[in-house]
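**Student:** I'd like to ask you about the structure that follows.
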Amino acid sequence: GWIFSVSYYQQFFDVDTEEVTKRVSSVFTSPHKGTFLDDVAGNPDLYVPIWGSATLVFFTALGSAWGKFNMRKSEGWSFDAKSVSLSAALIYGYVFLFSLIVHMTLTCYARVDNLRVTDVWCLYGYSILAFIPVCILATVPVELFRWLFTGACAALSTLFLMSNVRKRVLSSSKGTTFAVSFVSFIGAAHFAFALILKLFFF
């Protein structure tokens with residue numbers, strides 16, 4: 001269908017609950033395999049990148065407020081509405097804009113074949129789901145545990161992301177040096193994303 005028609009975008013939401021559950025499960029149970037992009041080839045969904053990001057935005061704002069309340073109960077409960085807009089800008093910007101740069105680098109510079117922008121959006125959308133448990137666990141009023149929870153989930157999410165990007169970038173004509181450098185950059189950027197979440201919200 002035409003790109004400005006609703007029917008064109010329906011293909012990116014053509015997934016059932018069983019398929020989404022299977023994809024989500026792969027983030028947590030087999031992040032090291034690097035087969036996610038192969039599994040979603042031909043049918044990447046934007047359901048999780050859009051609604052998963054919205055869920056993370058909601059939990060980040062709520063978890064941030066609850067965590068601050070647990071740390072400073074004497075000050076009472078307070079909810080900063082700005083945290084919602086800030087987390088939305090950070091999360092959606094990372095999932096869709098930063099990943100767009102990743103896609104352009106892989107396809108335009110590294111000449112990686114058979115990689116659509118929707119594939120990369122799908123990959124990044126699922127990768128951030130690992131941060132949702134952080135929003136719950138980081139409400140514990142012990143700073144050390146907050147860092148440990150954030151670090152563990154960030155490591156899981158980063159492994160999932162790097163293993164999938166690594167498999168694709170190794171197929172490029174730029175050689176191993178570029179592949180290692182680019183995958184390292186992807187990992188560092190993802191950890192930076194996790195660090196920003198921790199410092200600004202928890």
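Any Cβ shown, glycine's included, is placed from N, Cα and C.
What you are looking at is a predicted structure, and each value in this text was computed from that prediction instead of being measured.
Dumping what TrEMBL says about this protein:
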| type | residues | note |
| --- | --- | --- |
| DOMAIN | 27-194 | domain 'Yip1' |
| TRANSMEM | 46-66 | transmembrane segment |
| TRANSMEM | 86-109 | transmembrane segment |
| TRANSMEM | 121-141 | transmembrane segment |
| TRANSMEM | 147-165 | transmembrane segment |
| TRANSMEM | 177-201 | transmembrane segment |
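What does the local environment look like for each feature on the list?
**Tutor:** Only residues 6 or more beyond the boundaries of the transmembrane segment (86-109), in the same chain, are considered here, and those with a CB under 8 A from a CB of the stretch are 49, 53, 56-57, 60-61, 64, 115-117, 119-121, 123-125, 128, 165, 168-169, 172, 174, 182, 186, 189, 193, 196-197, 200-201.
A Cβ distance under 8 Å defines the sequence-distant neighbours of the transmembrane segment (177-201), meaning residues of its chain 6+ beyond its ends; these are 60-61, 63-64, 67, 83, 86-87, 90, 94, 98, 102, 105, 110, 127, 131, 134, 138, 146-147, 150-151, 153-154, 157-158, 161-162, 165-166, 169-170.
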**Student:** Report, as numbers and ranges, which residues of the same chain sit near the transmembrane segment (147-165): CB under 8 Å and 6 or more residues beyond its ends.
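**Tutor:** Result: 26-28, 31-37, 102, 106, 123-124, 126-131, 133-134, 137-138, 140, 182-183, 186-187, 190-191, 194-195, 197-198, 202.
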